[in-house]
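Each remark here refers to the structure printed beneath this line.
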Amino acid sequence: MALAFLGLSIFLFLTLDLDGASFSPASASSSSSSSSGSALEITYGSVIKLMHERTKYRLHSHDVPYGSGSGQQSVTGFPNVDDANSYWIVRPQLGVNAKQGDTIESGTIIRLQHMKTRKWLHSHLHASPISSNLEISCFGGENESDTGDYWRLMIEGSGKTWKQDQRIRLQHVDTQGYLHSHDKKYQRIAGGQQEVCGVREKRADNVWLAAEGVYLPVTASK
């Protein structure tokens, strides 16, 4: 696991615009915290895995298209912790004055970019393959993004800014669907992986937590 995080750190150093900031990998433990005892902040540019609270599966994508609906790159829940296809880069929405290392408040619209394929977590009105809820896909690329990639961060509880291990919901701006998963699993192409979809009601299966990742330090105010 330590080697995996070292490799991820090198990837970040080589490919992300860090604006001169230094960074260090967070512990792989889902209960890890900073040396000061406070929870780690999720900031723009951080690379994280999102864990579905109830099933403990990680939000995952891979270069495999859906066989129905949009035909775009599929998004699933993956059972294993140590899979490189479950890393997502936290990005701001287009056209806002946000920079690497900025903290993210509840209610903020964000984008999640799949680290390996560089596509964006996306949704629309196509039906999801198993449950016929809203389909969740990956779409676009570095220079191709639209409002279908916009997700509103909703922190559960009293926290104002997003931290590791904090219960959150992500609501899709265009469809109003919450990022959702459940025990319904694929049998063939993504056998053993569970469906990720969007539902418009708040449910227990809408809740996610930021788990493993490389957390960029908070940028000091100037």
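Any Cβ shown, glycine's included, is placed from N, Cα and C.
TrEMBL labels come from automatic prediction, so no person has curated them.
It should be emphasised that the depicted structure is a prediction, and the values quoted were computed from it without experimental measurement.
As recorded in TrEMBL, the features of this protein are as follows:
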type	residues	note
DOMAIN	39-93	domain 'MIR'
DOMAIN	101-156	domain 'MIR'
DOMAIN	159-213	domain 'MIR'
SIGNAL	1-20	signal peptide
(message) Per DSSP, what is the helix/strand/coil residue tally across the domain 'MIR' (101-156)?
(response) 3 helix, 29 strand, 24 coil
(request) Summarise the domain 'MIR' (159-213) by DSSP state, stating how many residues are helix, strand and coil. (result) 3 helix, 27 strand, 25 coil
(request) Take every residue in the domain 'MIR' (101-156), average their pLDDT values, and give the whole-number result. (result) 97
